[in-house]
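Here's the structure, in structure tokens; my notes come after.
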Amino acid sequence: GLLLFSVALGLGGMAAARCPGPCICDNLRSQVFCLNGNLTAIPETIPQLTKKLDLRGNSFTIIPVGAFLDTPYLTHLDLQCCKVERLEEGAFRGLGRLVYLNLASNSITLLYQESLDGLSSLQQLILEGNRIEEIQPGAFGHLGSLTVLDLRANALVYLPDMVFQGLQVLRWLRLSHNTLHVLGSEAFAALPALRRLSLDHNELQALPSEALASLDGATRLDLGHNPITYIAEEALAMASLKHLFLDHAALQDVAPDAFTRSPQLRTLDLRENQLRGLPPLAGAGGLARVSLAGNPLLCSCLLRPFHDWLARARVQAEGSCTAPPALRGRPLDSLRPPEMRCGRPLPSPSPTAPLERPRVAGSGQCPRGCSCSPDFHHGSCENRDLREIPRGFPGDTRLLDLRRNAFRVVPPGAFPGLKELVSLHLQSCDIGVLQPGALQGLENLVYLYLTSNRLSTLAAAAFKGAPRLAYLDLDHNAFTRLPVGTFQLLPNLISLHLQHNAIRELGEGELAGAGGLRWLYLAGNTIKRIAPTALAPTKMLEKLHLEGNRLVEVPTSALWGLPALSELKLSRNPIKHVGDGAFLPVASSLQHLYLDNMGLEQISPGAFTGLGPKIRSLFLESNKMSNIPNMSNFTGLEILNLRDVPFHCDCQLLPLRRWIDKLNLRVGATCGSPAEARGLKVKLSTTFQTCPGWGQGEAGGTSPGKTKAASKPSKKKRWGKSPARGSKKSKA
């Protein structure tokens, strides 16, 4: 026994010795924490026996092949907020014991077929809050143990057939808060164990009846917050469905037998729609509750059949009358049939059910040297050293992968007969010219990837014939300015990637026509100037990424007229001073602000004027200022990074010190001076103990920039009441 104890002690000591510098290793629990450590690569010396690894808040960008081969015993891996842009194929190989993987709040745009290879035991996969625009069929093929897949808040527009193949035991699929408006008829065909599907907060204009029909075992379906206007006859054929949520949609009418083929339906949520009434819902024999609150119900004789049916079927209904005036505000369940009279009846809405687009049958043989999958509608000629774009793909091909060839030129009509094509991959193809008419006939194309080519200009006519294009990737090319006029032919463009080109300025009128653009990525260019009206056409812009350019000031004048902008990245620009009102034009919408790694020397007291509770994350790390302005009204902060900022820890900083105490956040603030405090956490520095008012305790301080008022009782009372800040739980 003594020998075994000695060996265990030796192993524990060896593990502790191998603990990476910025990490904390708990060998008894086999846990390693490397939080907010500014790591740019996965540490190589993580103890081999580690089971839980927490890497949140670092800067990895890429998870390379075999990144975790040295830690094969991992069961839990957390990579939230790590600025990950790409998962290389085979990144997680060797993690056969992993049951939980969290990749939320990163910048992943694409899931390839082998991105998640090796995770045979994984049960929960969290990909919420990334920028995933597309999932290639087979991406989840190796996840046979997965029970929860979270893809909320990404940029998905389209789900191809069999995209979730391999998820045999998946029980909950979360697709909320995307921009989905096209679902393949067999998108959910390979999910036999699914019990809950969340499709709320998307852009579905009709009930995806065909896609949902394969979900025999699903009991809950969330479809709220979609612009669905009509539910047609027998539209929902889900044998086990018990709870259906269609709240906050655009419903104007529901067919009487809409739910006949969902006999188990118990609750139906139709709140906040545009329904003036409902017919008796024949066939919904098990229905127990219908919610119609927030609809403009007309309680006339036209509603009497529905009211009578509620009583006969003993269905509880929520909702109140909007008209006629005599019944306004009356709950449905309080009405008596004689009260529901008709004067001059208003015509009831009779919207036409959306026509189903006919499916185009496959035609033609697969080109020589390529592979075509009829099940996935997927064609691939990746890395075949082709000099010309091959022809002859099946007519129902929806995803075409031509990466890593040498086409140089894309000629007119390069993709004949591919009217069903949704996604086209032309990355790393040495393309220098996209000729006019190159995309002619691609009327359903949504995604176009032209990353890592030689493009320096684009003719607007190159996009003629592809009006539905929503995602355009042009990063790592040779553009020196935005391709003027291009966007006039792309009315549905949502996302534009132009990172790592050689763009020097954004000029007036260059984004004309991009009225629907939501995400503009311009990182890693050489932009020195943004014209005041350059961004004016993009009134729906939500994300603007300008990191790694040559701006010397915040482009305040260019931010006017962007009422939806929620994320602004200015990291790694040589901005030394942020002046008063710098973010005032977007103060009402901005949630995420990146001002890190700029060499910033001064932030004016009024720099954050207008910003307040909406701000959720603020990145100020790796700068040179010694103090920061008042941020006491930033009550909604979830992330605040103040690492590697040389704060001067004297009495003028006491308000910041007290404010940090009240934040339940890791902020990483460190003293840069005076000498006796250098390197200490601001919270742990003793230099503040000689300051006036120190003895009043943690609740006695004021917000940054108001030191003189620190001793006033009114301030003490205000800080003490703040519900969002717990002084004793601070992790700063």
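The count begins at 1 with the first shown residue.
Using N, Cα and C of the backbone, Cβ positions are placed for all residues, glycine too.
These features come from TrEMBL:
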COMPBIAS  694-703  compositional bias 'Gly residues'
COMPBIAS  713-732  compositional bias 'Basic residues'
DOMAIN    18-52  domain 'LRRNT'
DOMAIN    295-343  domain 'LRRCT'
DOMAIN    365-399  domain 'LRRNT'
DOMAIN    646-692  domain 'LRRCT'
REGION    693-732  region 'Disordered'
SIGNAL    1-17  signal peptide
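Long-range Cβ contacts of the domain 'LRRNT' (365-399) within its own chain (Cβ-Cβ under 8 Å, at least 6 residues beyond either end) map to 136-138, 160-162, 184, 359, 405-408, 410-411, 414-423, 425. Secondary structure by DSSP for the domain 'LRRCT' (646-692): 22 helix, 8 strand, 17 coil. Counting residues of the domain 'LRRNT' (18-52) by DSSP class, helix then strand then coil, yields 0 helix, 7 strand, 28 coil. Note on the domain 'LRRNT' (365-399): DSSP counts are 0 helix, 7 strand, 28 coil.
In the domain 'LRRCT' (295-343), helix, strand and coil residues by DSSP number 22 helix, 10 strand, 17 coil.
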